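Engineer: One structure coming up, written as structure tokens, with questions to follow.
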Amino acid sequence: MSPFILAALLFSLGLGTTLTFASSHWLLAWMGLELNTMAILPLMAQSHHPRAIEATTKYFLTQATAAAMILFASTTNAWVLGEWNIQLTSHPLATTMVILALSLKIGLAPMHFWLPEVLQGLDLTTGLILSTWQKLAPFALILQLSTINPKLLVFLGLTSTLVGGWGGLNQTQTRKILAYSSIAHLGWMILILKFTPHLTLLALLLYIIMTSSVFLTLKLNNSMTINALATSWTKAPAISTIAPLTLLSLGGLPPLSGFMPKWLILQELTKQQLPLTATIAAMSALLSLFFYLRISYSMALTMSPNTVSASTPWRLNNPQSTLLLSTATALALLLLPITPTIISTLPM
């Protein structure tokens, strides 16, 4: 792809998200979401592989359906109440349809079926954009509607945490596992959205950091399946040592950074007199932890049976830049442990 076309597409991605962030009118927000969708389609289809074309088509149909629902719901609200402002959307049918449409856009269960299939057909760089940047604009709109239908949000959150845990158990493709990981993490964020929105933003930020680290690690090793991760040790020993810790951080084990949002969310759910919801969410995190451990085991404790004793090409220097990977990995591992130190150095 020409660098000029790539720059234009990335600029359009940024512009679409910014437009949705800044809008208070439904039509402007819808325009930003559409710009976002149209900008990523050429990036998804650039390899011309049949799987990539299939994934692009599925993504386009899903996003077009969600956009049509948003447009219909906002028009209904304007027709009945005469109001286009996002925060003043109050018609029950309109609010329910919008929340379901935005859930379809980001891949919340039970509207999640497109996400693993689409992510499986993409290369890891585009998959990273789809798993992180593309979530931001719909999330900004859900955040503005969080006070309207809390029961629906809790239902979507609980369903997503369970589906994200169960769905990834039997997978061997790393991209599908990361898709189910995304569904589970989004479930945690939606679960707490009604009670403490700033906690949702913290969880989203840490999710983006940890997911970026895992995607960049897989891209460096060029590993698409769990079995292929067994050769990581000979390709990049240092990364194969650190990557399991990043995966365990994604699973939410202390004292790594990923433990912080889960800990605070469970604490807040308990304060809100929702012990059953907190218990189900915590149990579903154990399901997710199982497939993170599977990847960690394959990466750090397994040697590939196909390793040859001759001179191997992977011992040559890898031309890929690792600055972003090292930054994301450091934050994914050390953000929680160093927080008390940073706080103690601040003037009171």
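The count begins at 1 with the first shown residue.
Backbone N, Cα and C define each Cβ position, glycine as well.
In TrEMBL, annotation is done automatically, which means it is predicted and not curated.
The following feature annotations were taken from TrEMBL:
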type	residues	note
DOMAIN	23-287	domain 'NADH:quinone oxidoreductase/Mrp antiporter transmembrane'
TRANSMEM	60-81	transmembrane segment
TRANSMEM	93-115	transmembrane segment
TRANSMEM	152-170	transmembrane segment
TRANSMEM	177-195	transmembrane segment
TRANSMEM	201-221	transmembrane segment
TRANSMEM	233-253	transmembrane segment
TRANSMEM	273-293	transmembrane segment
DOMAIN	289-343	domain 'NADH dehydrogenase subunit 2 C-terminal'
TRANSMEM	323-343	transmembrane segment
Engineer: Take a look at 152-170, 177-195, 233-253, 323-343 and tell me which one has the most Cβ pairs under 8 Å to the transmembrane segment (273-293).
Structural biologist: 152-170
Engineer: Could you give the residue numbers and ranges of same-chain residues that sit at least 6 residues beyond the transmembrane segment (152-170) on either side and whose C-beta is under 8 angstroms from one of its C-beta atoms?
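Structural biologist: Contacts with the transmembrane segment (152-170): 96, 99-100, 103, 108-110, 112, 116, 142, 146, 176-177, 180-194, 277, 280-281, 284-288, 290-291.
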Engineer: Cβ under 8 Å to the transmembrane segment (201-221), counting only same-chain residues 6 or more beyond its ends: which ones?
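Structural biologist: For the transmembrane segment (201-221), the list is 124-125, 127-128, 131-132, 135, 139, 143, 174, 178, 181-182, 185-186, 188-189, 192, 228-229, 231-232, 235-236, 239, 243, 246-247, 249-250, 257-258, 260-261, 264-265, 318, 320, 322, 324-325, 328-329, 331-332, 335.
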Engineer: Taking residues 6+ outside the transmembrane segment (323-343), which of them lie with a CB under 8 Å of any CB in it?
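Structural biologist: Beyond its ends, the transmembrane segment (323-343) has Cβ neighbours at 206, 209-210, 212-213, 216-217, 220, 239, 242-243, 245-246, 249-250, 254-260.
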Engineer: Considering every residue in the domain 'NADH dehydrogenase subunit 2 C-terminal' (289-343), what is the mean pLDDT value?
Structural biologist: 77
Engineer: In terms of Cβ proximity under 8 Å, which residues at least six beyond the ends of the transmembrane segment (93-115) contact it?
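Structural biologist: Result: 33, 58-59, 62-63, 65-67, 69-70, 72-74, 76-77, 80, 134-135, 138-139, 141-142, 145, 148-149, 152-153, 156-157, 159-160, 162-164, 167, 179, 182-183, 186-187, 190.
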